[in-house]
Amino acid sequence: MAFIAAGNILLEYVIGGAAVARSWTSYFATLLNHQPNDFRIVAHSFSPNYRYLDPIAIVVLAIICVMAVMSTKGSSRFNYSASIFHIAVLIFIIIGGFIKADTKNYSDFAPFGVRGIFQASAVLFFAYVGFDAVSTMAEETKNPGRDIPIGLVGSMVITTLAYCLLAVTLCLMQPYTDIDKDAPFSVAFEAVGWGWAKYIVAAGALKGMTTVLLVSAVGQARYLTHIARTHMLPPWLAIVNEKTGTPVNATVVMLAATAVFAFFSSLDILSNLLSISTLFIFMLVAIGLLVRRYYVSGVTTTANRIKFIVFLALILGSSIATSLYWAISTNGWIGYTVTGPIWLLSTIGLWLFVPQAREPKIWGVPLVPWLPSLSIAINIFLLGSIDRASFARFGLWTLIILVYYFLFGLHASYDTAKEACSAKQMKNVEEGAVN
């Protein structure tokens, strides 16, 4: 399960970077008064979803790769200074958008109903990829026990607020049917008569996407480094350059994979696949939190372990049943009267009848088991709104990483563990500290 999670986190970063790189091309084209596909190569013999080849995305990713391998501190300074300009552009968009707002655009507030809202929410989940990048920087922060939770929660609150304000602004400026999918804000300002503003917006978007790509490059390389330290992946990926202090090999490999996706794949294919991976990972993290809090080998009694497994299975089963019922039944509601109470009673049972076996040392997720149980239910529910083709691609990727795991990764990590004879060395293997 850990390797499936790790493989999908890596996929999440690769696809997220590819999606942003292709969007970079779209806004760059807008800045030069062109259509996005004017800067792409059309391969007519390919499938429509993979026909528009994007060389600009490759160039941008190559530049990001050089920046990411040069210096972590330098990357942080660039992000810090560039973010000041980015915040100014966001404020301009929100204020300018409200000035040119037309409330008639909200007359049909939810044109696709509740089901449309949840379908959009499932796809929009790819926007939350960047938050877990904060946790990958734990090795390079002075006080991770304090700084990581502050950075994670703080950035999520600020960014969610910004997303909501920008969404409201965009839909007040233009009817939802007229919003451009490639460069929405630039086109919206041009549509309301502020043609000059689209250049400011496009420049701000390009800066923002460059920052996103840089943060993603730094985060995904550190994920790969941690996995390679246990020899689940080739250990040369864990090598840290002595001069720059960065994992050069891991950075280059991840961005090369990102470039392949960015060159071929359309944005809608990338966003749907990325949303499945993100929702799946968030669900696994919530399960992992419950396991970590409620089970400790040698501490948790057999009776409590059995109760924990039963309640967790009921939480998962009821959540999956709710999602399937939502996907299959368009107007039904009877199924929810069965699955909902099962989820609620299972969470209550876990709360009342299973004692927690571990307390967090510095900072811990509050409202356990309620918050992780709700996270499991919501993430699985949103998975029920994603199309079948995306699930097929997701299943294919999971199959590929499992084949690799059972044929190569499992044996290499086992050999590494066997070489560590003492208990202290074995602990180092588990914590990814063996080179």
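Every residue, even glycine, has its Cβ placed from backbone N, Cα and C.
In TrEMBL, annotation is done automatically, which means it is predicted and not curated.
The transmembrane segment annotation in TrEMBL covers 52-70, 82-100, 112-131, 152-176, 196-219, 248-267, 273-296, 308-328, 334-355, 362-382, 394-414. Per TrEMBL, domain 'Cationic amino acid transporter C-terminal' is recorded for 363-413.
Counted over residue pairs 6 or more apart, the CB atoms of the transmembrane segment (362-382) and the transmembrane segment (334-355) come under 8 Å in at least three pairs, which marks the two as touching. Each residue in the domain 'Cationic amino acid transporter C-terminal' (363-413) gets a DSSP state, and the totals come to 40 helix, 0 strand, 11 coil. Mean pLDDT, taken over the domain 'Cationic amino acid transporter C-terminal' (363-413), works out to 89 on the 0 to 100 scale. The transmembrane segment (82-100) makes no contact with the transmembrane segment (394-414): fewer than 3 of their CB pairs lie within 8 A, with pairs spaced 6 or more apart in sequence. Long-range contacts of the transmembrane segment (152-176) within the same chain: residues 90, 93-94, 97-98, 100-103, 105-106, 111, 127-128, 130-131, 134-135, 184-185, 188-189, 191-192, each at least 6 residues beyond the stretch ends and with a Cβ under 8 Å from a Cβ of the stretch.
Within its own chain, the transmembrane segment (334-355) has Cβ neighbours under 8 Å at 290, 294, 304, 307-308, 311-312, 314-315, 317-319, 321-322, 325, 369-370, 373, 377, counting only residues six or more beyond its boundaries. Sequence-distant contacts of the transmembrane segment (196-219), counting only residues of its own chain at least 6 positions beyond either end whose CB sits under 8 Å from a CB of the stretch, comprise 13, 16-17, 20-21, 23-24, 27-28, 30-31, 60-61, 64-65, 67-68, 72, 75, 78-79, 82-83, 85-86, 88-90, 92-93, 96, 129-130, 132-133, 136-137, 183, 185-187, 189-190, 251, 254-255.
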